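What follows is a single structure, written as C-alpha cells, with notes after it.
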Amino acid sequence: MQTEPLRDWHALSTAEALACLDTAPQGLSETEAALRLQAHGPNSLPAPRGRSPLLRFLAQFHNALIYFLLASALAALLLGHAVDALVIVAVVVVNAVVGFIQEGRAEKALSGMESLISDKAHVVRGGLRESVDAATLVPGDVVMLEAGDRVPADLRLIRVRALAIEEAALTGESVAAEKGELPVAADTALAERSAMAYSGTLVARGQATGVVVATGTATEIGRISALLQSVPSLATPLLRQIDSFAAKLTAAISLGAAALFAFAVLVRGFDWVDALIAVVALAVGAIPEGLPAVITITLAIGVQRMAARKAVIRKLPAVETLGATSVICTDKTGTLTRNEMMVSRVMAGVHELRVEGSGYQPEGAITCRGGSDAAAAIAAAADIVRCGVLCNDAHLRRSDGIWTVTGDPMEGALIALARKAGIDEADLRGEWHRVDEIPFDASHRLMATLRRDAAGPSVVFIKGAPEAVLALGGSREDAEAWDLGTTRAADEGERVLGFAMRELPPATERLDFGLLQGATMLGLMGFIDPPREEARLAIAECRSAGIAVKMITGDHVGTALAIARQLALADTPRALTGTQIEAMSDAELAEAVPHTAVFARASPEHKLRIVRAQQSRGAIVAMTGDGVNDAPSLKQADVGTAMGVSGTQAAREAAEMVLLDDNFASIVAAVREGRTVYDNIRKVIAWTLPTNGGEGIAVILAILVGFALPMTATQILWINLVMTVTLGLVLAFEPPGPGIMTRPPRRRDAPLLSAFLLWRVLLVSVLFAAVLLAVFFGAQWAGDSLREARTMVVNMLVIAEIFYLFNVRYMHMRSLSHAGLQGTRAVLIAVGGAVIAQLAFTYAPPLQEVFDTAPLSIRDGAAMLAIGAAMFFLLEAEKTLMRKLGWFEELA
Ligand code: ATP
C-alpha cells in the first residue's frame, strides 16, 4: 500500500511538503484524489484477527462440567453401557455446537457494530470543504482538524491555531502535545515533532489544517502495530452473575449427586453401576449448562435489534443498563429538534422583519412587522444580512431539487436569507477577502471573521449568543432593548443570534478577543428549528415508562423552555440556567434536579455535575453529548450516548452507545430493547430452572423413597438434548412484551433472581414433579408396563414444558390472550421441532430400542394434553392471584 518514499516531513517547510506531494492549500481535485486512491489503496488498517473457529469450538469443551460428563461417558463405556455413553457424548457435542454458534453470532453482532460508525474526515478538495469517509484519504489531501477529531492519517500541519494533540496511543505521553507550523530538525524524536499530527491520535483543543503525508499501513501507527482494535469482550455484569450462579449451582448439584449416589448404593442397595449412571444423568439434567450461551445470544439479539433502531452499542454491558435507565438527559438541537434552521425574524434597529419560506430553499418573502416602511426596513437590515454571510463557513447545495447545507445549519440558514434578500454570497465573499477568524466555540458562544475589502478597510464580523455579543460593547439601554427582543423571540421557541461588526486598521492580520471589544451591535435574528414529531412521541413513551427526560442545552432559556413545552417534556417544565447552577452546591443541585426539566446555557462542566447529582439520588442516567468536552460527562453517565452524525470522535469513544441518526427517539427505542433483553433473560431462567428442578425432584424422590426410577438415565439425557436445541432457545427471540414501556424502570440493585422468580421456580418445579409422579403411578395403576409408564413421563414433561413456555412468555401479564397464545414464528418452529422429536422418541423403532420406550395410545396423549392445559390455567390463575395478593413488588 505504501508507495511514498519515507521522508522527514517534519523537517520540511510547509511549502516544500506541499510541493513534494504535488498539492496545494486548495487540496487535490476529485479526479486526482480518485487516482491516488487506486495507487495507494484505502486509508485503513487490517482488521484484527479473531480466534480461529476451531479454537473457539474446542474452547466450548473447556469447562469443568464437560470434563465431568466426558469422564462419565468413558466410565459408562467401560462398564458396558455403550448407549448411555453415546447419549452423554451427544449431549456434550450438541451443547458445544449450540454454544459455538451462539457465541459466534454474539461476537459477530458486536464486531459488526464499529463498522456502522464510519470515521469521517473533513477535507478540502478542489477548494471546497467536504466531509469524506476517512478510508478514502490519500497523500496530498488537505485535511482540517478540530477539537475532538481523531487524526485520520499522518499529516504535515500547514496552518495551526492553538492546536494540542493527545498522542498517548503513539508515544505513551499522556499530556497533550502543543503543535505548530514550523519545521523541526530531522533527527527530532516522534513525540517532539510539533509540525506533525499522527494518525490515531486525538485533537484535544484548537484547530488546524494539514496535508496528508501517509495513509493506512504507511502511517506511524500502522507501522508499529495493527492492534489498535480489539475483539469485543462478551463479559457483562449480568453474564458474570449468571456464570457465578451456574458455577455455584453446579457445585451444589455435584455434591448432592455424590451424596445421593452413596445413599442409593449403601442404603437402598442399588447396583452401583446403575446408580452411577442415574446420578450422572440427574446431574446432567439438573445443571443448566446451556444457560450462559442462551443469555449471551439474548444480549446479542438485543444489540442487533438496537442497531436496527439506529442505536449502536459500543460496550455490551450498556444493553443491560439501558433497560434500567431512569433518566435521559438530552441535547436539544438536532436531537429533540430537526436541526433544520430557517431565519424567521430579523431585528435591526427599530425595524422588525418577518421572513417566509421553507427549509433552505432560498426563496421567500421578507415583510415588515409593525407597519413600518418595508423598503426602509430591508435597507436597514442590509448590514446584518451581510454580516451573516461573511461570518459563515457554510455552503448551500441543491441536489434533486432539494436544498441542503454543508456546514452549520444556522449558517446555511443565513445564506438562504441573503439570497432571499437578493444578495449573492459568492460575490460578497469574493469581494471581502478572509484574513483570519475566531471559530465558534461553545465556551465563548460566538464566532468572528476578519475580512478585508478590495478597497482597503479591515472589518471584523461577529455573530453569537446575544448576551455574548452584547458583552462586547454598547450602552446599557441598548442592551436592555436587545434583551427584550431576545426574550420575545426565544419565548416563541426561536433560536436567537446577535450580530455585530467593528472596523479595524487596514493592516490587521491576526484576530484576538481584545480586537472584538467595542463592536457595534447590528441586530438579532430568530431561527426556527421545529421539534421532531417522533421525539414528542418518544417523550410521551418515556413518561409512561417512568423515565424522566431532561433537556440540557447551550441555548437560551426562553428557547429551551418553549421547545420543552412543545414537546411536553413535563406538565409545567421548569428551568435552571448555567449561572444558577454555578451558584448552587452539589447538595442543592441534587435537590433541584428532580423538579427541573430544562437546563439552559449549560456548559459541559454543568453536564457533569447534573449527571452526578442524579446518580447521587440513585438514578441510572443516559446522557447525550457530541463535543470533545462532553467526554467526561459521557463517561460518568451510566449510558453515555454520542451522536453518530454531528458528534466528535472523542465523544464517540467515551460513549457506550452511538446514535446513527442523532435522534432522541432512537435512545428510547434502545431503552425499550434493553428492557426486552432483561425480561427475556429472566424468562429464560424462569423457564429453564423448573425443567431441571421438576425431573430432579422426581428422580431424587424415587431414590430416597426407593421406588423404580420414573425415567431412565438415557431418557433424562434425551430430554436435555431435545430441550437444548428446541424450546431452550426461543425465549431469547421474544419481541418486547405488551406493557414493557408502561411500568417503571427496574431498580439498580434489583437482583436477577427476584423473589417472584424464585417463588416461580420453586412452585413450578414442585408442580412438575407432582404431575410426573402422578402420571407415572397412575399409568402403572391402570395396568401399563413400566416401560409405557416411563414413556408417558418423558412425554408429559415435554408437554408440560411447552405449555409452561406460554405462561412464561408474558411474565407480568395474562398469557391468556390472542397474542399470548398465538406465539411467534420462533416459538412455533421450536414447538414443532419438540413435537416431532417426541413422536420419533415414542414411535420410531430404532429410538424405542435405544431409549427403552413403548408406543402410547391416543387416549394417553389426550390425557397428557389435558393435564398440560390444566397446568397452564393453574399457573395463569396463580399469576392473577399473586397480583391480587400483592406479595411481589414486580407484579404491582
Ligand atoms: P444543544 O445541542 O445542547 O441544544 P446548542 O447547539 O444549543 O446545544 P451550542 O452549540 O453550545 O448549544 O450553542 C450555544 C449558543 O451559541 C447558541 O444558542 C447560539 O447562540 C450560539 N451559537 C451556536 N452556533 C453558533 C455559530 N456557528 N456561530 C455563532 N454562534 C453560535
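Using the three backbone atoms N, Cα and C, a Cβ is placed for every residue, glycine included.
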Query raised in the report: To which of the residue ranges 373-391, 715-733 does TrEMBL assign the term transmembrane segment?
Result: 715-733
Report task. Run the contact check on the transmembrane segment (684-709) against the transmembrane segment (753-777): 3 or more C-beta pairs under 8 Å, excluding pairs closer than 6 in sequence. Result -> yes
Query raised in the report: Other than its close neighbours in sequence, what residues sit by the transmembrane segment (826-844), given a CB gap under 8 Å and a spacing of at least six beyond its ends?
Result: 718, 722-723, 725-727, 729-730, 733, 791, 794-795, 798, 801-802, 805, 809, 851, 853-856
Report summary line: Outside the transmembrane segment (276-301), at least 6 residues beyond either end, the same-chain residues with a Cβ under 8 Å of its Cβ set are 63, 65-66, 68-69, 72, 75-76, 79, 81, 84, 88, 91, 95, 98-99, 102-103, 105-106, 109-110, 234, 236, 238-239, 242-243, 246, 249-250, 253-254, 257-258, 260-261, 264, 270, 316, 319-320, 677, 680-681, 684-685, 688-689, 692-693, 695-696, 699-700, 703, 709, 712-714, 716-717, 719-720, 724, 728-729, 731-733
Requested in this report: Would you kindly list the residues that approach the transmembrane segment (715-733) from elsewhere in its chain, counting only those six or more residues past its ends and only Cβ-Cβ distances under 8 Å?
Outcome: 84, 87-88, 90-91, 94-95, 98, 281-282, 284-285, 290, 294-295, 297-298, 301, 680, 683-684, 687-688, 691, 695, 699, 790, 793-794, 797-798, 801-802, 805, 808-809, 824, 826-827, 829-831, 833-834, 837-838, 841, 851-853
Query raised in the report: Any residues 6+ beyond the ends of the transmembrane segment (753-777) with a Cβ under 8 Å from its own?
Result: 245, 682, 685-686, 689-691, 693-698, 701, 710, 789-790, 792-793, 796-797, 800, 804, 864, 867, 871, 874-875, 878, 882, 888-891
Report summary line: Averaging pLDDT over all residues of the domain 'Cation-transporting P-type ATPase N-terminal' (8-81) gives 85
